[in-house]
């Protein structure tokens, strides 16, 4: 009996291994495992086995059954269905609908991510602002020459306006947050502009402010270099130079090498070889005083940059208007 | 400002390579805009700093070069014979304004008006000013050299009594360049008894200026309140070379320097006889002032430690004088032309920029990290944007303005009485009125798709809307959702999209109700609420579905996410089909079923000609329900449905 079982098992495994056709495999399965199959017949004939061996034989039959089952399953799993001759892998895929973030959002998120590493929080402020927060408190008194660089859109002249820069949020931060703090701001700003491919009435700015005892120009420079290397690439050249902004003293400007002409001079960089990226500096002592801080006790830095140019360069968009009129094709 | 290098070289030694010069100037705050050649000479165009009034001239730039390269400045020669300060016998000047800081006048007789020689003509042409005649050119030459604007009148045409006064409202003057300006009562003018001779600080009138026939000249140079001049310049669009300088904080002491330099050149060239009297109105002479410098503060702010000798050397190179010196710092005397340096921080910038920003070390904020204060709604907004893309929506950012064509859609949906916010100095009709809803612009984008681009549009925008209520302005953060499909879109699909999106941000159990809203263009309007608070409104326009969610209200409504597991005990699932009266809300039927004992879930799986098929899951979290228990529950819910909705159950 034992030998018979082992023979059946070996034969079955051999046949299953050799078989190439799935139909034939199925008939083998029925032959062995079917209701009237060889295994069931073996089980029926167990009565003829002496009682003391029955348990052992029963176990052997079951094991054989399991083995054949597994071998068939494996065979089925490994058997390769025949390739249809008409199969065409060049057929266009049916794509599930994907949603996309706006390029400006993508850039803002990326920048926030970098500044989060440096301990910055995110802040927002109103877009309808007062002259106080947009100018006066930021060391830009009325008739200051620097105001001519920012033609403002007034809602009620001369006090209520659309913010002309995100520095207004710096005012809000200095007023509402307890130092030390580091905040990053991204948002819309508005100026009176003749609209064309590179100027728009509405544009985006990115701003950073840090106020903490002991902050110096070296911290400002380190922060900005970290940002530029992270965002624009670690091999980019950086130029850090003195620049005047009424909101800061000392003030600075940061340029990166023009990637379009390898600094040979082109239309994008106006032949300068450098692209102006941002303005920055140490928060002006008058501003600190405006918000009740003593410049000798606490120092801070601020920086601001236009985002649209950066977004346009990154996404190869030529016209600023197409960013905000729904012309972007996703 | 354009700097002809050959001219600059007369006052200071220049590095042999122009790029070395312009790079140094750029890093120190005077960025090179471009280099060009005019008549074979190099001219560099620098973007000067608005607070450096002293730099808008050759001497100013020469001083910068001198400080940067540690090489001396050679100042130009000046008229040596000191003039006697007195009233002039030919002409008097009355000053009726506190906006005049200083005014000087001097008479030059028997003037020879002629073409300018090359030494005079070429430099000003290289700068970009046309040559007119020797006297006019000389005023420009000296202005470019010293930074002091000046004006020459024809002495015989101006009369005997002059005054500087505010203009009379609507008084008219035709400028040297032929432009007629209607003056405002805040504009400062030079005038005689009859008419205006020049607009102070910007431009002269033609008749009274120098002409071929001029015999005697009155030269004036003055210093004014820059803010007033600036207002006039921008009011009348008169940004002349003089105006460009007067709108900045000029040192009144250079008035004298300019005049004496002018006289020196007249005298040297024998172009006229200089009257030995000078009129000089200078009620509050400006004297050098002191600013203290503390070495520790220099280090704190600058982030670098500088040797004290180096600091002193830099200050000396910049014409600052050391008055006192201690271990802690310096008392520094500022030359009066440095009107921009009044604070210690200004002085620190001077030291840093000459030392070079390159030498400032880079530290990556090595201080303690301040606490994280990002408000919850900002992270929530970021999550919402991501969730929206996950359900297949594309983000659109549109203008904060609504153009003329779409104004009819620009209605605030919540507040019928809110008026749109308007710009008083609008740049164009399309940038005048701010959006009171995100609908108008999203609709415009969607209609572009419908008309020319595709078969489906599913967009969202997160941004501010603005409106005025009574006297105050409001801005609110909104999420706008718009959807259109060429294959007729159904509301249920749009609603599902919104629900999925909000579920992604852990906001569930929304209620939708019919609601009238303030927009005549929308039909089938409804409200969306959570815990009985309405936070969104929606409706339909054509085949376009739109809804707008108030993110300010939604803030904090998100639940903490909990992980859900498949239940351990099998459900009994049953479909029931019923027909209800037309005014019955399916939502009410669903909530009734949902609230029945043992019902774990219910879904509407089919609707057909007034019949609704619901699939109901009876399930218990900790045991297998018996048939008896399910039957009891089923009976009670069918009974309630019949009773409450007069529904007919299809068996």
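Using N, Cα and C of the backbone, Cβ positions are placed for all residues, glycine too.
Keep in mind that this is a model prediction, so the values were computed, not measured.
Listed features, source TrEMBL:
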{"type": "DOMAIN", "residues": "B:286-362", "note": "domain 'B5'"}
{"type": "BINDING", "residues": "B:340, B:346, B:349, B:350", "note": "Mg(2+) binding site"}
{"type": "DOMAIN", "residues": "B:567-650", "note": "domain 'FDX-ACB'"}
Exercise. Within the domain 'B5' (B:286-362), how many residues are helix, strand or coil going by DSSP?
Worked result: 33 helix, 17 strand, 27 coil
Exercise. Ranking the binding-site residues B:340, B:346, B:349, B:350 by other Cβ atoms within 10 Å, which is at the bottom?
Worked result: B:346
For this session: May I have the DSSP-based helix, strand and coil counts for the residues of the domain 'FDX-ACB' (B:567-650)?
Result: 28 helix, 29 strand, 27 coil
Exercise. Mean pLDDT over the domain 'B5' (B:286-362): what is the value?
Worked result: 96
